[in-house]
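A.B. asks: My structure is below; once you've seen it, I'll send some questions.
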Amino acid sequence: MISIVNGTSTLSLVAGSVETLNQAINFYTNILGLSVHSEQNDWTYLSNDDNKMIVKIQLDTKSGLSLDQVNDRRTEIIAKLNVTDWRSLDTTSVLKVQNLVALIETLTTFNYTLQITPNELYPNEVYCVGPIGYIIGFTACDEPLTLVPPLQKSHPKPGLVSNLMSKSGSQSRNIEETKAVRRNIAVMTSGGDSQGMNAAVRAVVRATIFHGSKAFAVQEGYAGLVKGGPEYIKEMKWQDVRGFLSEGGTNIGTARCMEFKERWGRLKGCKNLIDAGIDGLIVCGGDGSLTGADLFRHEWPSLIQELKDKGEITNEQFERHKHLYICGMVGSIDNDMAMTDATIGGYSALERICRAIDYIDATANSHSRAFVVEVMGRHCGWLALMAGIATSADYIFIPEKPASSKDWQDQMCDIVGKHRAQGKRKTIVIVAEGAITSDLKPITSDEVKDVLVDRLGLDTRITVLGHVQRGGTAVAFDRTLATLQGVEAVKAILELTPDVPSPLIAIDENKICRRPLVEAVRITKSVASAIEAKDFEKAMSLRDHEFKEHLANFMAMNTANHEKPTLPREKRKKIAIINIGAPAGGMNSAVYAMATYCMSRGHTPYAIHNGFAGLSRHESVKSIEWIDIEGWNSIGGSEIGTNRQTPEETDIGMIAHYFEKYQFDGLIIVGGFEAFVSLEQLERSRAMYPSFRIPMVLIPATISNNVPGTEYSLGADTCLNSLMEYCDIVKQSASATRGTAFIIDVQGGNSGYIATFASLISGAQASYVPEEGISLQQLEMDINSLREAFAVEQGMTKSGKLIIKSSNASKVLTPHTLADIFNDECHGDFDTKTAIPGHVQQGGLPSPIDRSRGDRFAIRAVQFIEDHCDVLAPYRYELDFPIDDKKILNTAAVLGIKSSRLRFTSIRHLFDFETELGRRMPKTIYWNTIRDISDQLVGRTRLDKP
């Protein structure tokens with residue numbers, strides 16, 4: 001039933017021609033369901049069924065608009081679709097309808113352009129240009145002024161490509177959200193491409209739509225901004241970015257643009273953004289691209305004033321676009337931006353380098369050859385440094401730490417020669433493309449090769465990786481980073497005010513944060529300036545702390561027992577390392593780093609093989625020799641063996657006996673929750689067993705990431721990369737067969753970490769985790785969501801769907817049971833299958849992140865033991881042991897990342913106050929916000945837990 005919102009019963013209209021009159025009659029009868037009541041002279045009367053509403057249309061060629069005038073007016077109004085609220089353009093008539101969603105679908109079928117508020121999924125009002133040139137609106141509201149409009153959720157039909165978006169039940173829409181700031185936001189990729197840019201574009205587009213704003217993409221970087229028009233500044237719909245997550249490069253294009261460096265080019269860009277109605281611009285690129293973006297914002301007031309003075313924009317446009325809001329995301333494989341730990345694409349490029357060197361290792365070892373590997377990095381040696389750490393390279397050349405023209409040859413030959421003398425068959429030297437001597441002379445790969453051949457007589461080859469480093473899909477970390485930063489960038493644009501400087505979205509350890517864009521770019525550029533000025537100490541000081549820490553670690557590990565130890569003999573210790581729990585990527589890296597760092601310091605490293613069971617039953621203790629662990633950094637699993645038994649489950653007294661026999665001064669445990677429990681048992685037994693009165697550190701290593709005291713565990717990244725590749729392949733199969741969804745069962749115990757992040761990086765339609773369980777109501781909503789999604793994407797490519805289920809989310813609803821339920825309840829709209837990756841999730845070769853973090857954590861653990869030995873030494877054999885002394889308690893700790901810091905936390909505090917022992921979980925988890933974002937970006941509604 002249709003009526004007028006303000007309560008009046010009659011609507012009077014004027015048609016300027018017979019054609020427009022007939023169009024109006026067809027509109028009100030065929031679309032709105034009115035019927036022709038009568039015709040008198042030039043008047044036509046239409047009414048609804050109970051005659052409570054009358055529409056009178058008069059044919060008047062003088063006062064009404066002709067067909068051409070109607071078309072011109074329609075074109076003029078539609079041009080302002082993304083710029084102006086149509087309600088402000090003219091007096092509008094608003095009709096009340098019972099089913100607004102159905103009317104929207106009907107109007108769309110008849111090719112009417114609609115302006116919908118607040119958005120297409122939850123429409124309150126919809127406006128279109130009627131057949132005789134009037135703006136007409138429709139609503140489900142009973143009153144013209146209402147504080148709580150009735151929200152009807154859209155259910156898309158086949159062929160109706162809608163801007164699907166949804167919000168989790170925990171963040172359901174309310175009246176406050178409808179008052180939020182809405183801005184038209186454009187995203188642009190610029191400069192060199194990097195893996196993860198597509199994930200960033202997808203996140204920006206969908207987060208923008210989710211917040212009720214309009215999303216745009218600037219094609220071809222700044223070149224597209226200068227050229228402008230709908231071809232280069234294109235409105236993006238929800239479905240336009242499907243499949244972006246698994247694709248490398250940038251699908252919206254990038255180009256270097258000299259025109260934008262000139263003011264006239266930026267003036268054209270300003271005009272084009274205003275024409276498109278853009279309020280905010282998110283730029284993903286390197287320091288040059290971000291510098292241009294900030295300059296653009298700085299000049300914006302003068303640019304828009306110039307356009308107004310020239311008459312190229314109206315006063316209304318000038319007032320509407322007085323301010324441009326800009327936010328930066330760093331897309332660069334060099335990872336050379338200051339004030340952020342990682343850039344989008346950096347770890348993907350590092351993965352390509354490490355994978356290539358892993359392959360090269362095999363042939364180098366076979367022929368006892370040396371390989372010189374050239375990697376990218378003109379002014380930043382991050383790729384070369386991290387690759388050197390992750391692959392145990394013999395030598396690296398980076399621009400931040402040059403040597404004199406002769407010194408580098410002597411240093412390299414000295415280290416490589418000693419490695420060869422120790423029995424190493426292969427040699428890997430990594431050269432950053434920007435490597436230089438202290439007098440700024442470039443060091444080329446050919447020069448390095450010649451030195452290795454002439455001075456050491458090594459059969460040497462050169463491998464230049466080139467653009468292979470940019471290619472391929474993004475790794476799990478870069479997909480996560482790009483997605484979270486894209487969502488944060490949209491929030492930043494919506495929250496910015498004219499007096500707030502442009503932000504740069506950064507990451508600090510494990511936390512997404514905002515930094516001043518101008519300051520970050522300034523520091524980044526000053527590094528290159530310092531190098532050019534030969535001020536290498538300043539250049540190194542401008543790098544972040546983690547870079548300097550990694551460089552110091554590499555130099556220490558690289559010398560190992562080949563140089564004089566750095567500690568005096570009286571301070572050298574015996575330090576043991578043991579693996580507990582299931583194998584995880586990075587365990588071997590931790591053993592390698594611990595052993596080599598101990599050797600460089602003068603300590604004696606020991607490996608306890610096969611866990612505490614191996615120690616108590618077989619006395620499986622062995623000192624570590626350098627040549628025995630050569631290459632372990634790149635090997636998956638656990639070379640020293642591992643099992644799940646804790647000290648109390650084996651024989652804690654026998655373990656104490658062997659600790660005393662070997663006179664261990666420190667212990668490093670690498671493992672998951674069993675390792676956590678083991679450390680607690682050892683710490684609790686100190687009063688009874690003096691041999692446990694030594695510093696002890698746990699390095700969390702488990703794919704479940706369920707160890708209290710840390711937000712990241714070794715092995716989790718390797719697991720996510722393996723699972724990501726698996727999901728991409730399964731999704732490809734689902735897309736190829738059309739109308740297919742796969743339920744993928746993943747590990748993780750009682751932790752939903754793996755399922756949550758796998759859902760985020762694969763674009764899964766839903767994920768089920770133990771923390772929430774699976775309710776029938778949620779299943780029903782997810783099935784309906786899948787039906788809607790398949791309806792919208794009917795006939796489209798890249799339309800395969802995934803559902804991620806953690807094994808312990810439900811013991812009753814197994815993957816096969818879930819698949820049967822989905823197939824039965826979907827009424828044939830799609831087909832559901834299962835896929836179970838099993839132990840494939842543990843991964844093969846550890847990822848570069850797990851390798852480098854394993855090294856970093858192990859060295860920090862050794863340093864912790866060095867720092868705390870003196871605390872326990874006075875009490876080693878005292879009968880009255882102060883077990884509750886805080887200093888004593890702090891000598892048994894978990895090393896972890898929490899928020900944005902690397903920290904040691906007492907095992908006693910964690911065990912007593914932050915652990916759910918029965919569930920083998922920490923009491924608080926940090927990835928709930930990740931779940932919300934993952935659901936938002938696929939349009940899933942998640943119910944609150946009761």
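Glycine too: its Cβ is placed from the backbone N, Cα and C atoms.
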A.B. asks: Pick from Gly192, Gly196, Gly377, Gly381: which one does Swiss-Prot list with Arg256, Cys257, Gly286, Asp287, Gly288, Ser289 for the same ATP site?
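C.D. replies: For ATP, Swiss-Prot names Arg256, Cys257, Gly286, Asp287, Gly288, Ser289; of Gly192, Gly196, Gly377, Gly381, the listed one is Gly192.
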A.B. asks: Given Swiss-Prot annotates Ser332, Ile333, Asp334, Met376, Gly377, Arg378, His467, Val468, Gln469, Arg470 as beta-D-fructose 6-phosphate 2-binding, which of Glu433, Glu509, Glu519, Glu532 belongs to that site as well?
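C.D. replies: Swiss-Prot names Glu433 for this beta-D-fructose 6-phosphate 2 site.
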A.B. asks: Taking a Cβ cut-off under 8 Å, which residues six or more beyond the ends of the region 'Interdomain linker' (560-573) line up next to it in the same chain?
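C.D. replies: Result: 415, 418-419, 422, 596, 599-604, 626, 665-666, 865-866, 869.
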A.B. asks: Name the residue among the binding-site residues Cys257, Val468, Ile703 whose Cβ has the smallest number of other Cβ atoms within 10 Å.
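C.D. replies: Minimum Cβ neighbour count within 10 Å, taken over the binding-site residues Cys257, Val468, Ile703, occurs at Val468.
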A.B. asks: Neighbour count first, Cβ atoms within 10 Å, every protein chain included; then name which of Ser289, Ser332, Asn705, Gln747, Gln842 tops the list of binding-site residues.
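C.D. replies: Ranked by Cβ atoms within 10 Å, first place goes to Asn705.
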A.B. asks: If you measure Val840 (beta-D-fructose 2,6-bisphosphate 2 binding site) to Val468 (beta-D-fructose 6-phosphate 2 binding site) at Cα, how many Å is it?
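C.D. replies: So the alpha carbons of Val840 (beta-D-fructose 2,6-bisphosphate 2 binding site) and Val468 (beta-D-fructose 6-phosphate 2 binding site) sit roughly 26 Å from each other.
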A.B. asks: To what whole number does the mean pLDDT across the region 'N-terminal catalytic PFK domain 1' (1-559) round?
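C.D. replies: 87, rounded to a whole number.
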A.B. asks: Using Val468 (beta-D-fructose 6-phosphate 2 binding site) as the reference point, find which of the binding-site residues Gly286, Asp287, Arg369, Asn705 has the shortest Cα-to-Cα distance to it.
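C.D. replies: Its closest listed neighbour, by Cα, is Gly286.
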A.B. asks: So among Gly286, Ser289, Asp334, Arg369, all listed as binding-site residues, which is physically nearest to Asn705 (beta-D-fructose 2,6-bisphosphate 2 binding site)? Use the C-alpha atoms.
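C.D. replies: Among Gly286, Ser289, Asp334, Arg369, Asp334.
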A.B. asks: Filter the binding-site residues Gly192, Arg256, Gly288, Arg644 down to the ones within 10 angstroms of Arg470 (beta-D-fructose 6-phosphate 2 binding site), Cα to Cα, kept in sequence order.
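C.D. replies: So the list is Gly192.
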A.B. asks: Listed beta-D-fructose 6-phosphate 2-binding residues Ser332, Ile333, Asp334, Met376, Gly377, Arg378, Glu433, His467, Val468, Gln469, Arg470 - what's their greatest C-alpha to C-alpha distance in Å?
C.D. replies: 16
A.B. asks: Distance between Asp287 (ATP binding site) and Ser332 (beta-D-fructose 6-phosphate 2 binding site) at the Cα atoms, whole Å?
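C.D. replies: Cα of Asp287 (ATP binding site) to Cα of Ser332 (beta-D-fructose 6-phosphate 2 binding site) measures 9 Å after rounding.
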